[in-house]
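For reference, the structure is listed below as structure tokens.
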């Protein structure tokens, strides 16, 4: 059995879009990594959203935790190994050196357009 600490789970949601919806595509869908590795996750919007992009971490039985706001702005108390970049349609989330405690589901959310 593989320890869950060896895995970084990434959430990839696909929801059929109504006219005007912004569709977010995140990749990769799953990563198997070890502590110390650099992790990069990308998120692409179906249309430009400026810098209205947020990155979250969620662990089992816990609420999502905001890590990055406005594409690249760090959140107080979040370790500096977490960073984000990008604008418009293409965004990147990076964990510079993975730690065992980082095993979780990560996802992006756009905040430019609401249903």
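The backbone N, Cα and C atoms fix where each Cβ goes, and this holds for glycine too.
Taken from Swiss-Prot, the feature disulfide bond applies to 43-108, supported by sequence analysis. In sequence order, 24, 26, 41, 43, 53, 54, 55, 56, 91, 93 constitute the residues six or more apart from residue 108 (disulfide bond) in its chain with CB-CB distances below 8 Å.
Annotated domain 'Ig-like' per Swiss-Prot: 21-115, in sequence order, evidence recorded as sequence analysis.
Across all of the region 'Framework-1' (21-43), the predicted model scores a mean pLDDT of 94. The region 'Framework-1' annotation in Swiss-Prot covers 21-43.
What Swiss-Prot records for 44-54 is region 'Complementarity-determining-1'.
According to DSSP, the secondary structure content of the region 'Framework-2' (55-69) in residues is 0 helix, 9 strand, 6 coil. According to Swiss-Prot, the feature region 'Framework-2' maps to 55-69, an assignment based on similarity to another entry.
Counting same-chain residues at least six beyond the ends of the region 'Complementarity-determining-2' (70-76), those with a Cβ under 8 angstroms from any Cβ of the stretch are 51-54, 82-87, 91. According to Swiss-Prot, the region 'Complementarity-determining-2' annotation covers 70-76, on the basis of similarity to another entry.
Per Swiss-Prot, the feature region 'Framework-3' maps to 77-108.
Feature annotation from Swiss-Prot assigns region 'Complementarity-determining-3' to 109-115; the stated evidence is similarity to another entry.
Look at Swiss-Prot and you will find 1-20 tagged as signal peptide.
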Residue distribution over DSSP helix, strand and coil in the region 'Framework-1' (21-43): 0 helix, 12 strand, 11 coil
